[in-house]
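Okay, structure first, notes after.
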Amino acid sequence: MRGVIRKLNDDGFGVLKGILVPFSAPGDEIIVERVERVKKRRVASQWKLVRSSPLRVGPRCKAFGKCGGCTLQHLNYDYQLEFKRKKLKRILGFEVEVVPSPKIFGHRNRIDLAITKDGIGFRERGKWWKIVDIDECPVFGKTSREAIERLKEFIEEEKISVWNIKKDEGFLRYMVLREGKFTEEVMVNFVTKEGNLPDPTNYFDFDSIYWSVNRSKSDVSYGDIERFWGKEFIRERLDDVDYLIHPNSFFQTNSYQAVNLVRKVSELVEGEKILDMYSGVGTFGIYLAKRGFNVKGFDSNEFAIEMARRNVEINNVDAEFEVASDREVSVKGFDTVIVDPPRAGLHPRLVKRLNREKPGVIVYVSCNPETFARDVKMLDYRIDEIVALDMFPHTPHVELVAKLV
């Protein structure tokens with residue numbers, strides 16, 4: 001089948017007569033040579049480019065097109081932003097400004113590299129058992145090349161058994177690399193099955209080196225902390241606020257855009273008493289407390305709250321963080337409630353409580369525009385201000401921040 005790609009779907013795939021064409025661009029003339037059915041969708045598994053779209057650029061990553069990490073790296077960045085604006089208009093029904101990421105390479109502060117007999121890298125798109133071998137990850141930056149080189153030497157010299165995904169065998173499974181972009185501190189976490197990890201300090205001189213053991217049957221890139229070398233935490237800094245990073249704690253993955261995110265949230269809040277729901281490690285709450293707001297935060301994750309309390313201490317601010325689920329917390333008496341839920345959106349009980357107890361302002365931070373649109377329809381509030389931030393260049397994902405009154 002021959003034709004011209006006219007549009008992308010919401011996942012960033014080109015569409016040609018009902019067939020999804022990954023890594024294509026609007027304006028590409030292509031020939032589809034093979035089609036497979038994937039989860040009830042027809043996907044071009046093999047196609048040939050006849051004439052290139054003017055929207056195309058040369059991807060910086062050599063693994064682009066096979067690696068499942070980036071899907072839009074072949075599109076110029078201005079068009080990536082336009083694609084996200086169009087996507088938001090379709091979902092929300094109105095135009096939303098998309099703030100560009102300050103950096104579009106070297107912006108990610110975390111990557112989880114699988115370590116297998118076939119290579120070190122990320123899963124091939126659509127193939128959980130297959131790893132694309134890489135030398136570096138351009139969206140993370142130059143530290144990734146250094147870490148991968150040292151890892152290969154570590155494995156070879158110490159004769160370490162690595163992962164066979166299909167057989168679920170092998171000792172060393174993942175290397176998780178994290179970096180404070182504003183502090184230049186680096187952490188590496190080796191995730192293994194039961195066994196003994198040789199001393200990595202002869203090969204790695206990063207600020208913090210961890211060894212974690214995944215004792216579950218799940219394929220996850222974290223586990224029980226066995227031991228660490230160097231610093232217990234690394235730090236990231238957003239403006240004048242420091243945050244501790246631990247292997248088992250979450251932090252916004254684009255530090256450069258996270259600065260714009262916390263600044264925007266601080267612009268939108270009103271009053272003095274702030275409730276920080278889904279607070280995590282206190283990213284918003286501590287930034288606001290540093291600016292004199294009276295902050296109380298809640299999260300259902302006990303370790304996240306432990307980290308939030310540590311962040312309170314190192315920043316010398318006055319803020320409280322407690323463990324509680326979104327179904328339990330009263331929002332009464334707060335001037336502004338910040339909600340930053342997981343992709344599933346707000347729990348229905350929280351929606352009812354917000355409608356009943358009526359805080360003056362809700363600042364809604366969302367990584368899923370579709371659940372955001374659903375929740376806003378259920379809330380007895382209107383959108384006073386909204387902006388999108390491109391936290392995830394080269395992917396179809398986008399972050400929303402809205403003030404509801």
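Even glycines carry a Cβ here, placed using N, Cα and C.
Contacts of CYS61 ([4Fe-4S] cluster binding site) defined by a Cβ separation under 8 A and a same-chain sequence distance of 6+ are given as CYS67, CYS70, GLN73, ILE134, CYS137, PRO138, VAL139, in order along the sequence. Feature annotation from Swiss-Prot assigns [4Fe-4S] cluster binding site to CYS61, CYS67, CYS70, CYS137.
Sequence annotations record features per position, and here Swiss-Prot assigns S-adenosyl-L-methionine binding site to GLN252, TYR278, THR283, ASP299, SER300, ASP326, ASP340. ASP299 (S-adenosyl-L-methionine binding site) is surrounded by 26 other CB atoms, counting those within 10 A of its CB over all protein chains shown.
Taken from Swiss-Prot, the feature active site, nucleophile covers CYS367. Sequence-distant contacts (6 or more apart, same chain, Cβ under 8 Å) of CYS367 (active site, nucleophile) comprise PRO342, ARG343, MET391, HIS397, GLU399, LEU400.
Under the heading active site, proton acceptor, Swiss-Prot lists GLU399.
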Fewest C-beta neighbours within 10 angstroms among the binding-site residues CYS67, CYS70, CYS137 belongs to CYS67
Among the S-adenosyl-L-methionine-binding set GLN252, TYR278, THR283, ASP299, SER300, ASP326, ASP340, as the record gives it, the longest Cα-Cα distance in Å:
20
Once the chains shown are all counted, how many other Cβ atoms turn up within 10 Å of the Cβ of ASP340 (S-adenosyl-L-methionine binding site)?
22
Where CYS137 ([4Fe-4S] cluster binding site) falls in three-state DSSP terms:
strand
